[in-house]
Amino acid sequence: MVSIDHVAHKILTYIPYVLVLMDMRYEGVKCGRDGSVDNHMEMGKKLLAAGQLADALSHFHAAVDGDPKNYMAYYRRATVFLAMGKSKSALPDLSRVIELKPDFTSARLQRGNLLLKQGRLDEAESDFKKVMKSNPSDKEEREAQSQLTKSDEIQRLVAQARSSFSSQDYMTAAAQLDTIIETCVWDVTSREMRAECFIQMGEMGKAISDLKAASKLKNDNTQAFYKLSTIYYNLGARKMSLNEVRECLKLDPDHKQCYSHYKQVKKLNKQIQSAEELIQEQRYEEAVSKYEAVMKTEPTVQHFSLLAKERICHALTQSQQASRAISVCSEVLQSDPENVNVLKDRAEAYVQEEQYEDAIKDYETAAKHSENDRQIKEGMDRAQRLLKQSQKRDYYKILGVKRTAQKKEIIKAYRKLAQQWHPDNFQDPEEKKKAEKKFIDIAQAKEVLTDPEKRTKFDHGEDPMDPESQQGHHHHNFHGGFHGFQGFNPFGSGPFNFKFNFN
């Protein structure tokens, strides 16, 4: 059981702490009534000097809340806002300072400078003139006079820029606006006008830069977001276009231009994504149809037409529709002759059509613009091997079949030609000799093209029936004359009788 003395001792131990806390609470109340604003101001100044802007701002907020008529609290808070690059927030505080203390020339001079940067020239000039009439220091007077002179010059330039713009002299207007914006860096009107000049001059990158600045400088600037979206769209950057038009609709969900444009961009983007998924799934015919739909959805923007044709070219090449692929690829290359992907696809289509020299030319052109592309190197090597091979024996040509022919087609062609060129069909010694050679070639072609391993070698430029190509590997010897066919039946199993009646 705990003794009463022990409990009493514990209570007495805590009494000093309780008294200290009560004293601190009392001091806090007294400070809140008499000196908390001064304390916040002092702490804010120290934190501002130390570069701790967020903490300093908190103290100046508290000072303003504690004494809404303390002009220095507003002035200090404006100073922090300016140090943080928040001029929009600083301006109302400076105006409140001037309202509370009209003869505070430093605040009026700072407000004039901010108004000048925003392009509010008449208001800025009014502040500079009042500074000069309010017994300023020599430094303040020199600064006010300098800024007043600068403002007058900009007023003149603004009038000239508007005149040049109205006359559609966009290059001159842009140069004049350059000078204006050097001083009026936050002037939304000048930036938007210069952006329009750049659009007319075809300098879309510069237009985008000005419009992005304008969208941040002016609240609810839906028009800037709309223009950004249309520029990106016309450049073929559909995702960027979609992002900007969504920003417009966040500000105004009922904006007619933005909503109409949003539907168009969204539809096009969905079609392109769907087409790419079909290509990934190797559903090439469906992908071609989807990209044809893209061109119908947006027939006027060249970037999307070229993109659609580029991907159609790829899909046709992949689906072995070489003739169509070459035609579409060539259309793209007329507008974009350095398009590496299209050059590679057309080169492959040329290979499929056995136009090896044209394929090599395309690979060479592609290599100039993409030196370390492994696909180009491998394609070039293959085309060169096939060209060399085509100048010797081409088993596909011997049987008269395409490189894409199935085994059934190959056997059918072989049987037809074997019947036609069987040596027993010829009596003249010279014709028989010629037929024997032809018959050997036909048999070799059938053997290579119906054997998957040999056909793969041949398709990669290696002749599996050529001793030089094989370099000692096992191969059939068809070079010993027609006698190598004794007992061989080209129509199936069993011995072959050269007196066989083909009719």
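The chain as shown is numbered from 1 upward.
Heads up, the Cβ atoms here are built off N, Cα and C, so glycines get one too.
Over in TrEMBL, the protein carries these features:
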- 452-463: compositional bias 'Basic and acidic residues' (COMPBIAS)
- 394-462: domain 'J' (DOMAIN)
- 127-150: region 'Disordered' (REGION)
- 452-475: region 'Disordered' (REGION)
- 37-70: repeat 'TPR' (REPEAT)
- 71-104: repeat 'TPR' (REPEAT)
- 105-138: repeat 'TPR' (REPEAT)
- 222-255: repeat 'TPR' (REPEAT)
- 340-373: repeat 'TPR' (REPEAT)
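Through the fold, the repeat 'TPR' (37-70) approaches residues 31, 76-77, 79-81, 83-84, 100 of its own chain, all at least 6 residues removed from its boundaries and within a Cβ separation under 8 Å. Helix, strand and coil counts under DSSP for the compositional bias 'Basic and acidic residues' (452-463) come to 8 helix, 0 strand, 4 coil. Here the repeat 'TPR' (340-373) has, by DSSP, the following mix of helix, strand and coil residues: 27 helix, 0 strand, 7 coil.
Confidence in the repeat 'TPR' (340-373), given as mean pLDDT, stands at 94. Across the repeat 'TPR' (105-138), DSSP assigns 26 helix, 0 strand, 8 coil.
Note on the repeat 'TPR' (71-104): DSSP counts are 27 helix, 0 strand, 7 coil.
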